[in-house]
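Reading through the structure tokens given below for one structure.
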Amino acid sequence: MAASELYTKSARVWIPDAEEVWKSVELTKDYKNDDASLQLMLEDGTTIDHKLDPKTKNLPYLRNPDILVGENDLTALSYLHEPAVLHNLKVRFIDSKLIYTYCGIVLVAINPYETLPIYGTDIINAYSGQNMGDMDPHIFAVAEEAYKQMARDERNQSIIVSGESGAGKTVSAKYAMRYFATVSGSASEANVEEKVLASNPIMEAIGNAKTTRNDNSSRFGKYIEIGFDNRYRIIGANMRTYLLEKSRVVFQADEERNYHIFYQLCASANQPEFKNLRLSTANDFLYTRQGRSPVIEGVDDAKELCTTRHAFTLLGINESYQIGLFQVLAAILHLGNVEIKDRDSDSSLIAPNNRHLTAFCELVGVTYQDMSQWLCHRKLKTATETYIKPLPRLQATNARDALSKHIYAKLFNWIVEHVNKALVTNVKQHSFIGVLDIYGFETFEINSFEQFCINYANEKLQQQFNMHVFKLEQEEYMKEQIPWTLIDFYDNQPCINLIEAKMGILDLLDEECKMPKGSDDSWAQKLYNTHLKTCSLFEKPRMSNRAFIIQHFADKVEYQCEGFLEKNKDTVNEEQIHVLKASKQFDLLVELFQDEEKATTPTGQVPGTGGRTRLSIKPDKGRDTSSKEHKKTVGCQFRNSLQMLMETLNATTPHYVRCIKPNDFKLAFSFDPKRAVQQLRACGVLETIRISAAGFPSRWTYQEFFSRYRVLMKQKDVLPDKKLTCRNVLEKLVQDQDKYQFGKTKIFFRAGQVAYLEKLRADKLRAACIRIQKTIRCWLARKKYLRQRSAAITIQRFTRGYQARCLVKFMRRTQAATVIQKYQRMCVERKRYRQKQAAALAMQTILRAYMARQKYQALLREHKAVIIQKHVRGWLARCWYKRCLEAIVYLQCCIRRMRAKRELKKLKIEARSVEHFKKLNKGMENKIMQLQRKIDEQNKDNRVISEKLVSLESSYASESERMRGELGRLRGVEEDAKNKANQVSSLLEELEKLRKELSVTQQEKKTIEDWAQKYRDEMEKMVSELKDQNGLLKKEKDDLNRMIQEQSQQMTEKMTRAIAQETQQLETDLNEERSRYQNLLTEHLRLEEKYDDLKEELAHSTNVSKPGHRRTDSTHSSNESEYTYNSEYAELEDGSRVGEDVTRGMDTSLTLKLQKRVTELEQEKQSLRNELENREEQFQRARARDDAQFRKARGAELEYESLKRQELESENKKLRHDLAEMRQSLLGGAAAGAGAPGSPAYKVLLDQLNASCEELEVRKEEVLILRSQLVSQKEAMHHKETMTEPSVFAKDVNKLKDADELKQAYVGVKDTNRLLEQQLQAQRRTYDSEVESLRGELQNVKEENNRQQQLLAQNLQLPPEARIEASLQHEITRLTNENLDLMEQLEKQDRTIRKLKKQLKVYSKRIGEMGAGQAEGQTSPGQMVEEPIHPVNIPRREKDFQGMLEYKKEDEMKLVKNLILELKPRGVAVNLIPGLPAYILFMCLRHADYVNDDQKVRTLLTSTINSIKKILKKRGDDFETVSFWLANTCRFLHCLKQYSGDEAFMKHNTSRQNEHCLSNFDLAEYRQVISDLAIQIYQQLVKCMENILQPMIVSGMLEHETIQGVSGVKPTGLRKRTSSIADEGTYTLDSILRQLSAFHSTMCQHGTDPELIKQVVKQLFYIIGAVTLNNLLLRKDMCSWSKGMQIRYNVSQLEEWLRDKGLMNCGAKETLEPLIQAAQLLQVKKKTEEDAEAICSMCHALTTAQIVKVLNLYTPVNEFEERVSVAFIRTIQTRLRDRSESPQLLMDTKMIYPVTFPFSPSSLALETIQIPTSLNLSFLTRV
């Protein structure tokens, strides 16, 4: 296409920039063919004018569409050029934090300078088995590809890791080796993979150092061959090293260090084993202080030395050799500190007794004189004589440093050789994978011989790389059968010829070294003369005659000739070597130099060395250094070594890893474009891009092309043949036929064509969007217009209505106003009339009133005159009366004043006493009561005073009457008063005085009343205050009570939450414990299988050597409880032998244990037999002596037995009486909490007592029966003794047929009596213990009651808040302890009952046998035949034994074979009842239990378990088989529980089923073994289902496009990419659902418990979610909005499946929550702070690492989507910083939830089960 079509307005291009290398700009104007410049605009808005080259007219590079930015593969970019590559790497590294990127077959790795969580075992497992293009780029993907190709193509592989120092080469190689060690494992038990990894710390210690660019820089190159056997497991390794930088031993630049091992030794100098090395700090030695940076931040050298020593030990280098190595290293440090002084200008000397030289000589075991001599002298040999020449100080110093370098190189070679020996095994190597870690291209300001060799090696590697890339490119074209022409690529063979060809640089250098007076200058002149005019790649600097320039593939490099000859020769003083060889005290040093006279080929085990200033190449083992030094120069050796390396690489399939150093300052995730471009040019990445761009870099399958560019096709263009459709469409879209080619399966595009197609697609979509927007906007505008029109009409309607209503309202108001006016005027007129009428009436009234008043006044004047007369007369009388009254009142007042003063004095005293009482009394209630009482007293006093006032008033009234009478009398004597006028004045004065006194008295009275009122008010106020205070106190009390209630409620809620949390934690711990236990079972199963495999191999090898030998299988469980039995059962094996089938099922160790036990029992039996014989002899000898005493002794014994029984009976009655008293005491003390009737504890105790009583009654009946038997035996014995006289017995004793009859009879009776006595004593002890326990419990109840009372008393003293908390805490503690005690008692009681039952059964059996023996052995000639002695027989209730199957012992193998080993699950599951094999096995087991055959029970169970294991081992990959036996094993386990006799399992049984319970054996231990077997089967079932589902999950959940048309395919690169289009044969979501339905239906047919099915489904859904999420986190192409929609739809389909199957409550949906949240995260908005908050609250099931990873990987599929900004991701990280969670990125797909088997009883009656004939079990008989 024309440039004008691409360089249009808004097109983005790249232009060169000094700072950023390339800068993105945008065209502001279309380009035309004749334009001389481009109008561009920078990203900051600045406009510039870019001038084009007038000669070439080359346009700037076009920028790729944003949709292509951030691709995993650089070759997927449409425009392949340097700025596109640089920008893509920068976006992935800075924005997405992705350090790996593919570039065709090359993996580009950028050093992040930060530890990333992407190298764990979970990541290794995720990449294992995946195709290289299916996952995001990773070093593990390259390692997996190499491992897979090695296994698939049967061809050796190589991984070539290159890059600058500090780019991460060593770490990448280390991770690749870790991957191989983890994935493959080792073929032997020697842990070779651990040894391979252990070699890394050793090589880093002796070959790595700190440089200015890297803290752990490898100063040598290495090629490690990891060997594999025919099963592709690691069997060993071999290491070849190159280019050790020896010069670093003696010199380091600023900010650099020597090799790590020196600093590790100095840091550990204070350890005891290093005292004799005489080391100190690193700053004390010349060789470790020159760089002035002895410490690396964050590195502990002492710990690193421990790691190094551990690695040495792991690789077989013992402690003595390690100490020897450290001695050599310490000697090198001391040698560097040897000071050489000038003797004169031509000679030098070392001061005598130099402490460092002394230390050196002691450490290496040489003489001080010899070493000091040859450090300062040199031997020269001529044809006839030998001279010793002194050396100047400078040459002596150089000789000393050369010796140090030589010793270190030898030590390095020795360590590498021994590491290789440790990694070599005897197993034949089938193939290998080599990992090459070597320098990248180097250029410095001063480049010398080391950089020349390094760049020469990189030229060779680059040539091999170019040829391989070109070969792959052409193979792809040939495979697709497209026409191709030879692609022109850069061939650096001329540069290689310049270096290594005849008369090349190396040849001239070697020739100059052979010259006697050769120098660097003469060599430079030879170079100029030879190559300056003949080779264009060789140049001479303008300003120098001692340098030359070579044009390498990466860049021009100027080399300084100074030092080339000396470094190429690499001479060492021969005499110094002889001195070291002569060491007799240090064997390791001699061993280092023992091959000095031999040659070492460059490909041998001893590596070459090299560095910046000096190289050490592996010496040739065939040369003789004693006569001529260095027949082969360093350059020649390096060339040969490199040639061998290239031959090795060419014989393998190479894989390339190019490490890039992003910056020189070791900053985390900092990208320097200049440094990156320089390395990209040097490492060949851009060459790969150029080769790809020269051909057809973009490749699409026809399906991908059709799916992506379907929008560019018309409906008529779509044909059934998609290949033809793509061809027709592409011919229309792209006119130039050379821009693309059609292959067999792919379409190949030239560079830029995909971008052009993307532009057409975007234009088409943009036009479609515009059309859609136009239509929608039209629809929206019309809808808006119609809505506005309707609104306008509505507004008009409402407005007109409003106006009409206003008019009507106005008319109504007008009419109302008229009516109001009418009535108002009427009112005004009426009011005016009434006013006038009222005025007339008022005037009349006033006139009439005036006249009446005049008349009234006249009458009034007359009346007043009369009154005045009357009053004057009265006044005269009153004056006299008042004088008398005042005198009387005065007297009364004086008396009352005197009394009032006295009363006042009393009141004051009382007031003062009240105040004193108030001060003394501090209690509020007492104050209130006293004040109230005082107020009552005051009220009483007031009432008394008021009564007094009333009496005074009455007396005053009487006195007034009397005075009136006296006034009459005084009127009579008025005349006398007139006569006594003179006395009146005195009386008036006296009256005035009395009045004053009266007024004073009244004032005092008023004062007293005021004081009383004030006092009363104060009292009332105080009472009110006290009432208020009392109210406040009540309020505070109510508040406190309410607060206490709230706190109590809060405390209750808190305790409830705490209990819930604790319960949840306990459940979690239980699940973890279950998981741990089940993991241990899995590990045990794995070890068991491994053990079986080893036994099979051993048997196979034995069969080869010894024909006829047959191996016995061993698949038993190692659980010891499976074979744990009582001693009574074990003794029964003495006379029986286990069949071959049982022997095969038993483990060797168990067989040995059983044999040992049998031997012990036989020995014990023999000893008992010997003892019996001895006692028989003693009995024969003592029989004559004891015969006379026999009857007496027998009578005494019988009497003793009778007394013993009576005593036991009385003791029994006493115990029963005590028991009744204990019950009464318990009932009496029932109020004490936990022991109350009805409480759980009391019920448990009562049940235990009742059970004990019932057991007592049973024992009592048995004792009575035994007593009757004993009585009958005693009578028979007495009858025999009466018939046979002692004398006759003594005479005829030798005539008895069997002399042992009498003894056996006597012993039998005695044993029976002893047995009964033991039983009674045991029962007595039992009841004693029970009574004691009850007494102890009663005592505990009393103590608990006392403690409760004490606690209550203590709580009453506490504050209310603390009181409630303490009560709750105590109650919780009490209940917890009580529950624990009750549980312990219950378990103890159950164990006791089971033990007693077993003992009763065994003893009953023995008693029966003894009774039978007595019946047979006590027959004598003197005994009557009519009176036989019956054996002791305890009657037992016969049961209806049905639902059992009887079989013969020899048919057991046939039963197991037909029912387990050869059974076809499919036929049984379809035609018969579920769990039929389990029912049949249990019915057989019931019969063995019924006949009380413990051996039969044991062998049947053992054979069943072993057979199930065997069939699972044989057909463990068959889902139906595993599911079938899981269901039957669980059913068998449930049957053992249901019919065990335990009440907990018999709740749902029918009465008939309860009769079928096992009667003789307790198989609880076997239930545990079978439960463990069920767990193993469950885990195997999950593994089997996982293997079936694993290939479907990623394809069905992620890759398949369930919703058609939602997602589009992005452009892909050279590597194969798994598209989202479902091709034929790929899995879809329907495949997963069908498989899940098949699993579910099969398990249902097999009768699997529903609860177990739920657990299986939950586990399957967890696997689906975990695998899907892990792949999503490792695949950038899957993290898009459309893919999130696809995932959510797929999850909804899975939930619908759960709903259809009725499994929504099984917890499976919750396991998909992380996947659901990841899908939601892909779809939500990711811009603002609110979005970040929503994401943090939504993604609670995802870890922070997973959220950030999804956001970093989020990739838009279309141009309309936007990327997630870095700021938004940082916001998310900040918000999630406080989360406490695991930093693990991936979910653990191997995690299995702990499984439980809830008890599920069967309602099926055993007697109704019929055995079909198809099972071939006719030998079974129903009972």
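Including glycine, each Cβ sits where the backbone N, Cα and C put it.
TrEMBL annotations:
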DOMAIN    8-60  domain 'Myosin N-terminal SH3-like'
DOMAIN    69-762  domain 'Myosin motor'
BINDING   Gly163, Glu164, Ser165, Gly166, Ala167, Gly168, Lys169, Thr170  ATP binding site
REGION    599-630  region 'Disordered'
COMPBIAS  617-628  compositional bias 'Basic and acidic residues'
REGION    642-664  region 'Actin-binding'
REGION    1100-1142  region 'Disordered'
COMPBIAS  1117-1129  compositional bias 'Low complexity'
DOMAIN    1502-1778  domain 'Dilute'
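Looking only at the binding-site residues Ser165, Thr170, the densest Cβ neighbourhood within 10 Å occurs at Thr170. Residues 89, 93, 103, 105-113, 139, 142, 145-146, 149, 153, 155-164, 166-169, 172, 176, 213, 223, 240, 242, 434, 436, 440, 456-457, 460-461, 464-465, 468, 602-603, 670-672, 675-676, 679-680, 683-685 of the same chain lie 6 or more positions beyond the ends of the region 'Actin-binding' (642-664) yet place their CB under 8 Å from a CB of it. Confidence annotation: the domain 'Myosin N-terminal SH3-like' (8-60) carries a mean pLDDT of 86 in the model. Listed in sequence order, Ala109, Asn111, Gly440, Cys659, Ile660, Lys661, Gln679 are the same-chain residues at least 6 apart in sequence whose CB falls under 8 Å from the CB of Ala167 (ATP binding site). Of the listed binding-site residues, namely Gly163, Gly166, Gly168, the sparsest Cβ surroundings within 10 Å are found at Gly166. With a cut-off of 8 Å between CB atoms and residues at least 6 apart in sequence, the same chain places Val161, Ser162, Gly163, Ser218, Asp437, Ile438, Gly440, Cys659 near Lys169 (ATP binding site), listed in sequence order. Within 10 Å of the Cβ of Glu164 (ATP binding site) there are 24 other Cβ atoms, across all protein chains. Other residues of the same chain near the ATP site, with their Cβ within 8 Å of the Cβ centroid of Gly163, Glu164, Ser165, Gly166, Ala167, Gly168, Lys169, Thr170, are Asn111, Asn214, Ser217, Ser218, Gly440, Cys659, Lys661. Taken through DSSP, the region 'Actin-binding' (642-664) splits into 9 helix, 8 strand, 6 coil. Helix first, then strand, then coil: DSSP counts for the domain 'Myosin N-terminal SH3-like' (8-60) stand at 0 helix, 24 strand, 29 coil.
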